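Novice: Let me give you the structure first, and then I'll get to my questions.
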Amino acid sequence: MIKSNFTLFLLYSYGCLLLLEWIWPIDHFPNTDHMKVFMLYMLIVFTLSFFKVKRIFQWIINIFLVLILVNRFHYDLGFFDYRWILTFINHVFENIIWLTTGHFNELTYEFKTLLFLLSLSIIVYFINFFLNRNWIFFLFLLTVLYISLLYSLSDYVGKPVIVRTVILGFTTMGLLTFENLMNKGRVNYYSEYVKKWMVPLVSMITLFVLIGSLAPKPSPIWISSKWSFQVLNQDDNVGSGGGTKTVGYDTDDSRLGGPIKDNDDPIFKYESNQSIYWKMETKDTYTGRGWVDSASTQRPMKKEDFVMLNTYPDAIETKIETARITINDNYQYNYIMYPEGIKKVVKILPYKPGRNVFKLDTTIDRISYFNNSIPEIPASFEVEYEIPRYKAKDLIKTVKLDSNLINAVFYQNYTQLPANLPKRIGELAQQITTGKTNWYDKAKAIETYFDRDEYRYTKKNVAFPGKNVDYVDQFLFDTKAGYCNNFSTSMAVMLRTIGIPTRWVKGFSGGNFVNNSKEDSSKQIYEVNVNNAHSWVEVFLPNQGWVAFEPTKGFSNSNEQNFTNNNENSSTTQQQDLPTTVLKNKPMHELEVTGEESKNPKKTNNSSSLWSEIKQSIMNGWKEIFLSIGLILAIIGIIYLNRRKWLPYYFMLIYRFNKKDNRLELAYLTLLRQLARYGLKRNENETLRNYAKYIDSLFTSSEMTELTIYYEQYLYQQVSQEDNWERCLKLWKNLMKRTI
């Protein structure tokens, strides 16, 4: 039966809304992101089905979309660069072997993305399958069961979704029932009948939903898995463990982990000639759960005293810069933020002679401010700091521990590790640094290791380590998803396992550009908010001091400084510009993130840079592109020109399993089109009987006439051909085979 436009629209609208209900919860699972992109993909596939686009075009569009998404998420090469396609195909075959042999941990992320997209396509197919057969109640029941299971077995809040689905499902089924009655002539489409049907329908649905929502309910008869997890780990989550935390600076880092929420509240503004990282403190002792400081030694200093942090040795050439900081009223600590290489704190406002006192904790490099021994924070102040000029030959000089250059106690403090640290962390560090001969190259190798596709930056669904679970081990080998604390702590700990001293640094990333300074045209004004709270790693290199590294995926310090490359043989120092703190050198316009908790720290390109990338890819590989396009068009052309030879097999396979009532009609019309492709086109005014006799005379048989009689009985006399279908199918197949 052909559905009316209203029925078709109602069915697919309902299917589209149910589709969204199936997909929304996936965003709450660990290791999932970019759900809006995947939802858009599903809606495109669903729309193609709604408009009955030919299957071959649906497949082509689907494959094209899958390739675009895989390239976008997992490859740095342009879409038109054939090299990534060859790599992807090779990975697919490797992953199929791992999948069939049960090595699920070996599956790569691009293959998982491919499987996920295929799963979404299958979901769309089944929803279309149910809709085409009017199995609305079955689809509705599956959706409610799916949401109920998620609600019971995870932290997903499914109560409003179930209510929404119930209202939507019963409303749709009520309207479809009325439509069916109207089509069968049992009711007329008058407004009074519509009112008589709709008023009771809406009233009953509203009444039942209200009763179900407001009526008292018994408590659960079993404890769900999420409650079981909380009960089993409640001693482990006391303090800083349980629940979702809010992003921001905090002095307690003893219990790291767990998801965090965004907070856009501003903290301070600064005026400088570049975007810079701001330090708050460092930590030296890793516990397996987080960081603590080993001791506290405060040294008082007054206004314009030199801040004795000993950041850079005298042998390093430096340049003096200044930055002006204005602190927001909602900042709650008396600790001041400062750039790497700080020398002085000057121009304090409000200035109170004899009462402005700073205290430097030399163990954790934290600077506190006091007014007559009362913790306070200045409204604004200015800092002088140094920007170093590193030499490549000096950075790669350290190849092993030299007791003459590093104090034994100092070395022990900054290579400290918990006794129960899992051995595989050190084994991984050894594996990553194989072939690297100096400390700097080893640090760079571990820093760039986190650029791998398997590690993902996210603030949602970040695991909190349970009892007897190491924070770094969980991130490196199990979850592989987290934010700055996960990346920076992992790098610091891995370097310590191979004997390189490190410390963990907390502070803020560069913030967001506001405008250019009106007083000094060479400077810009940046605003740092709570979301910009960040952590990174500092590595101690003898004769170079503490050198910072940025392992967090998608982040880069924008402070850059030229350095002298004396053509030393180093695998990581063959560039002409090195960041001040030797952080990843990435242009800020490519990253479009300036803080730790920016909403999308993954690399994002604006439209102009994306277009430039496409043009560059075309310029570099235009021969391969045109050759590939020509080859694809040639293959499509050959397939199309020879469709008369392969289409019969396709249709024979389709109609063999077709169970529709009008399958004889569809099969007969398909046969007429195939005969036309064969060159035996039916004349416009020719009857089916005469045309059938003409075909039989050419094929020397009576099959076409017999099949036509069955078809006319079905078409004009409404005689069911269910009992004769096997005979009709045999006749139809024989005629189709004659056209090959």
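Think of each number as a place in line: the chain as shown, counted from 1.
Yeah, the Cβs are placed from backbone N, Cα and C, and that goes for glycine too.
Feature list, courtesy of TrEMBL:
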| type | residues | note |
| --- | --- | --- |
| TRANSMEM | 6-23 | transmembrane segment |
| TRANSMEM | 35-51 | transmembrane segment |
| TRANSMEM | 57-75 | transmembrane segment |
| TRANSMEM | 113-131 | transmembrane segment |
| TRANSMEM | 136-154 | transmembrane segment |
| TRANSMEM | 160-178 | transmembrane segment |
| TRANSMEM | 198-215 | transmembrane segment |
| DOMAIN | 476-553 | domain 'Transglutaminase-like' |
| REGION | 557-579 | region 'Disordered' |
| COMPBIAS | 557-576 | compositional bias 'Low complexity' |
| TRANSMEM | 625-642 | transmembrane segment |
Novice: Please report, as numbers and ranges, the same-chain residues at least 6 past the borders of the transmembrane segment (113-131) whose CB is under 8 Å from any CB of it.
Specialist: 11-12, 14-15, 18-19, 22-23, 38, 41-42, 45-46, 49, 62, 65-66, 69-70, 73-74, 92, 138-139
Novice: Please report, as numbers and ranges, the same-chain residues at least 6 past the borders of the transmembrane segment (35-51) whose CB is under 8 Å from any CB of it.
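Specialist: Apart from its flanks, the transmembrane segment (35-51) reaches 12, 15-16, 19-20, 23-24, 26-27, 57-58, 61-62, 65, 69, 116-117, 120-121, 123-124, 127-128.
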Novice: Go through the chain and flag residues at least 6 beyond the ends of the transmembrane segment (57-75) whose CB is under 8 A from any CB in it; none is fine as an answer.
Specialist: 34, 37-38, 41, 44-45, 48-49, 84-85, 87-88, 109-110, 113-114, 117, 121, 453
Novice: For a three-state summary based on DSSP, what are the helix, strand and coil counts in the domain 'Transglutaminase-like' (476-553)?
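Specialist: The breakdown for the domain 'Transglutaminase-like' (476-553) reads 21 helix, 34 strand, 23 coil.
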Novice: For the domain 'Transglutaminase-like' (476-553), provide the mean pLDDT of the predicted model.
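Specialist: Here the mean pLDDT over the domain 'Transglutaminase-like' (476-553) amounts to 90.
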